[in-house]
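Going by Swiss-Prot, these are the annotated features:
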type: DOMAIN; residues: 4-190; note: domain 'Flavodoxin-like'
type: BINDING; residues: 10-15, 78-80, 113-119, His134; note: FMN binding site
type: BINDING; residues: Tyr12; note: NAD(+) binding site
type: BINDING; residues: Trp98; note: substrate binding site
type: REGION; residues: 158-181; note: region 'Disordered'
type: COMPBIAS; residues: 163-177; note: compositional bias 'Polar residues'
Amino acid sequence: MVKMLVLYYSAYGHMEQMAKAAAEGAREGGAEVTLKRVPELVPEEVAKASHYKIDQEAPIATPGELADYDAIIIGTATRYGMMASQMKNFLDQTGGLWAKGALINKVGSVMVSTATQHGGAELALISTQWQMQHHGMIIVPLSYAYREQMGNDVVRGGAPYGMTTTADGDGSRQPSAQELDDARFQGRRVAEITAKLHG
């Protein structure tokens, strides 16, 4: 059975929802899934004053454990068209894994959340994939295998590179039912392709 990690960073809970949906989809695809988050770097008093969702139940991951999984889906909030610094800080600690080649041929996929529709989602998806490619990981994007993203009948996130959602600047917009379904599809797709590669 495929072992998958869904690893995320979420300040306000948007990516937490997307990560949970991706994990559900991966389980539907036959994977054994672990859901974890990266450590918060913002001081607790600042996070509380900024109304961060600090009661997230997912345990904190450690960089060394990434090698334990066949596939890793990363979900991250974005900052100025890049992954959030919390995720970048976590990934920057994987140099030892890189030196050992511990993630070579593991499967990787990415999802992001932005404040605005044009907040750099595609750039954040691709730049996060770069991190995975430096490790020799095999990227499985959402892609146009997910035909639902071809429609223009409703505003929704998504790109061929990975699933996205928009939170609005104040965090008031929550992931839509369609976006959560899209994340489930991405999780299921990654699980099924990983099973073919590592089964």
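Along the chain as shown, the residues are counted starting at 1.
Each Cβ is built from the backbone N, Cα and C atoms, and glycine gets one as well.
Cβ neighbour counts within 10 Å, taken over all protein chains shown, single out Ser113 as the most crowded of the binding-site residues Ser10, Ser113, Thr116. Looking just at the domain 'Flavodoxin-like' (4-190), the mean pLDDT is 93.
Each residue of the compositional bias 'Polar residues' (163-177) gets a DSSP state, and the totals for helix, strand and coil are 1 helix, 4 strand, 10 coil. DSSP assigns Ser113 (FMN binding site) to a strand segment in the three-state reduction.
Neighbour density at the Cβ, taken as the number of other Cβ atoms within 10 Å, is lowest among the binding-site residues Tyr12, Trp98 for Trp98.
Within its own chain, Gly13 (FMN binding site) has Lys53, Gln56, Gly171 as residues 6 or more apart in sequence whose C-beta sits under 8 angstroms from its own. Around the Cβ of Thr78 (FMN binding site), 25 further Cβ atoms fall within 10 Å across all displayed protein chains. For the pair Ser113 (FMN binding site) and the residue listed as 'substrate binding site', the Cα-Cα distance reads 27 Å. Between Trp98 (substrate binding site) and Thr78 (FMN binding site), the C-alpha separation comes to 24 Å.
Geometry remark: Thr116 (FMN binding site) versus the residue listed as 'NAD(+) binding site', CA distance 14 Å.
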